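Residues annotated as signal peptide in TrEMBL: 1-27. Positions annotated as domain 'Inhibitor I9' by TrEMBL: 38-116. Taken from TrEMBL, the feature domain 'Peptidase S8/S53' covers 144-605. According to TrEMBL, the feature active site, charge relay system maps to D151, H224, S561. The region 'Disordered' annotation in TrEMBL covers 205-225. According to TrEMBL, the feature domain 'Subtilisin-like protease fibronectin type-III' maps to 676-775.
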Amino acid sequence: MASFLQFLPTILSFHWFIIINIGLISSNQIPPNKVQPYVVYMGSSSSNDVEVAKLAHLQLLSSIIPSEESERINLIHHYSHAFKGFSAMLTEKEASALSEDGEVVSVFPDPILKLHTTRSWDFLEPPPRTTTSSTTTHHLPTEDVIIGIIDTGIWPESQSFKDTGFGEIPSRWKGVCMESQDFKKSNCNRKLIGARYYHITSTASSNSSKTTTGGGSPRDPIGHGTHVAAIAAGAHVKNVSYYGLARGTARGGSPSSRIASYKACSEDGCSGSTILKAIEDAIKDGVDMISISIGMSAIFQEDFLSDPIAIGAFHADQMGVMVVCSAGNDGPDPSTVVNTAPWVFTVAASTIDREFKSTVLLGNGKSFQGSGIHLSNLSSSRTYPLAFGIDVAARFTPLSEARSCYPGSLDPEKVKGKIIVCIDDDPTVPRRIRKLVVEDAKAKGLILVNGDEKGVPFDSGILAFAQVDNIVASQIINYINSTKNPTATILPTVDVVKYKPAPVIAYFSSRGPGQLTENILKPDITAPGVAILAAVVPNRDRTVVLIGQKPAEYAMRSGTSMACPHVTGAAAFIRSIHHQWTSSMIKSALMTTATAYDNLGKPMTNNTGNYANPHEMGVGEISPLKALNPGLVFEKTTKDYFKFLCYYGYSEKTIRSMTNKNFNCPNISNDKLISNINYPSISISNLDRHRRGVRSIRRTVTNVGSPNATYIARVHAPSGLLVKVIPEKIAFSETIKRMSFKVAFYSKQKASSGYKFGSITWLDGLHSVRMVFAVNVE
């Protein structure tokens with residue numbers, strides 16, 4: 001197995017493409033005298049003098065770092081624009097001492113975050129150049145919306161980033177196009193208007209530290225950032241495909257938008273302090289929204305003020321910059337969703353109406369349809385020996401390992417030239433590892449048995465591949481066991497469009513409720529994130545290359561990483577039409593117009609075939625065109641989030657530091673009141689059925705449709721829950737733009753325990769404003 005082991009380090013470094021869990025090391029496992037990067041967050045910025053702030057922070061460091069280690073009195077990153085603070089190399093004792101300083105809000109170890117990784121916009125009904133609603137004519141979208149992509153960098157030569165037809169760069173843009181050995185200012189243009197990269201700090205085995213560059217260039221070495229940017233705002237590129245598969249026109253959600261790339265991640269992951277610096281730079285540069293397909297580990301979610309994305313996004317929101325984030329790839333387990341702060345737009349992943357089918361043809365003439373993407377030259381003209389993993393096991397290998405094709409479990413001599421059947425029953429061993437096990441042993445193909453992930457097609461490259469469920473697998477194994485010389489072949493992959501049902505919630509997509517608070521419904525919304533075709537790095541070391549062909553410039557990727565930029569692109573498109581709308585208005589428009597139905601007209605389902613609930617899909621799948629004319633929006637003010645911080649339990653001193661406002665918390669502040677934040681959905685973590693539980697939730701809507709409109713509420717409530725809207729009718733006029741209402745939830749004594757889901761829809765004959773609720777009856 002020497003050749004397989006040779007590849008193993010590279011495989012593990014690409015964990016973001018494999019959709020597996022890599023946990024963070026808990027801070028309590030770190031020796032107290034070990035030096036490591038820490039983030040020191042000091043709240044809202046109040047000074048415009050950067051040098052004075054730097055000097056103050058260096059003096060703060062010198063007060064707690066011993067003089068004999070003065071080389072550590074150095075700032076890795078310094079924050080001073082939207083918020084203030086720094087990152088530095090500290091011991092746990094020094095970090096604890098800093099946390100006692102009156103100007104410090106929080107101090108936490110610099111976490112390593114993970115990346116959450118054409119037809120999709122056709123499936124979502126992409127916005128045309130001009131759209132007309134029943135009440136409003138929408139003019140051409142402008143080119144003034146700027147999207148900041150914080151990721152692994154960008155491949156500027158991609159046709160998705162051409163600037164044909166773009167006018168001058170907006171004068172408000174203050175960003176830069178950083179140069180390096182392989183990236184020149186000329187690589188930027190009127191479409192890709194900015195590109196930054198950052199220094200990455202790592203610790204050696206001793207107490208010393210070193211600073212290296214994360215690639216030393218804005219250029220994307222692995223393709224994740226390029227793919228994400230193209231989904232959000234890629235230009236129209238005709239006749240693209242992945243070696244003939246998924247052929248069509250590639251385009252982003254907002255092709256007219258500009259892109260600014262912030263390379264904050266290396267192949268080893270994403271430093272939290274660097275992401276925080278990238279968010280600050282993006283705000284300072286002048287972006288309108290930020291797309292972050294990155295997140296903390298679902299295992300170690302401790303607090304909003306130890307999450308760099310939550311901190312940065314809070315200040316971005318305060319300055320009018322929307323932040324859209326991926327929900328994570330730790331599904332289907334509950335309470336795995338990340339990026340759950342209410343000021344973050346959190347996106348789950350779903351399928352589109354395109355499937356990739358690989359058919360297994362047995363020697364007895366029977367055929368079975370599997371899923372997967374492969375580029376092998378196998379065909380129906382020839383079959384190959386077929387074997388189950390346990391029949392080709394290496395000596396002294398447990399059969400349980402051989403049946404699953406664990407590394408080292410198969411005998412290469414027995415495997416060579418055969419198609420191998422493997423059972424994928426251990427989620428800790430990803431499909432890519434099993435593929436490499438059989439490929440390294442010179443197998444002709446792999447039939448993988450895994451019904452859960454069947455809806456997420458795996459790209460096996462040139463190895464013939466098909467993934468089947470247990471029902472099909474039992475028939476294939478019966479054939480093997482009842483036949484003296486079983487044979488099979490795997491036919492070339494074909495793509496099937498207009499596939500039904502779609503969308504379906506992806507197996508890997510992280511689920512709610514949120515760990516930090518269940519009184520905000522997360523994820524917020526769903527968007528396509530399975531087998532999405534977009535631009536990649538055309539590098540022979542990174543992509544499959546067929547003999548006689550060039551490296552692919554477009555390829556399929558899956559993950560909530562791909563879902564996130566769909567929402568970013570949709571939000572940018574809405575911003576390009578409705579210039580004066582705030583981030584909360586755009587978020588509300590997308591949420592209240594989302595659909596909970598698939599292309600069969602039935603409720604959306606998850607990977608098991610059961611109806612999807614709001615903890616899996618949020619309010620449903622985005623409908624960008626409908627969101628242009630939502631009728632009503634749930635608009636939030638800065639005080640809504642200030643109150644959230646109060647209700648969550650932060651002190652007034654901390655909140656004033658974060659906001660630079662002399663804000664007083666309400667006299668009554670507790671976690672339950674979080675449900676009253678003016679959010680486009682409702683979540684109640686505890687409704688006591690034994691005490692005739694009653695909860696009243698208040699919401700306020702702003703009319704953005706026809707000035708004179710009357711809306712009537714329609715309630716869809718589950719059994720065991722009585723829901724009343726007061727008043728049931730609200731009327732708007734030229735002078736009345738905003739109206740408030742209450743929703744009362746009554747639990748019936750005989751109601752079963754657990755979460756109940758439903759919705760309230762406001763109707764005026766033209767608009768349907770749907771607000772989803774989740775209520776935990778206990």
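Every residue gets a Cβ built from N, Cα and C, even glycine.
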Sequence-ordered list of residues in the chain of D151 (active site, charge relay system) that lie 6 or more positions away and have a Cβ within less than 8 Å of its Cβ, or none, is L115, D220, H224, G225, V228, A229, S261, Y262, K263, A264, C265, I292, S293, I294
Secondary structure content of the domain 'Inhibitor I9' (38-116), with strand meaning DSSP E or B
27 helix, 26 strand, 26 coil
Give the number of CB atoms, excluding that of S561 (active site, charge relay system) itself, located within 10 Å of its CB.
33
Summarise the domain 'Subtilisin-like protease fibronectin type-III' (676-775) by DSSP state, stating how many residues are helix, strand and coil.
1 helix, 62 strand, 37 coil
Let me know the model's mean pLDDT on the domain 'Peptidase S8/S53' (144-605).
92
Across all the protein chains here, work out how many other Cβ atoms are within 10 Å of the Cβ of H224 (active site, charge relay system).
28
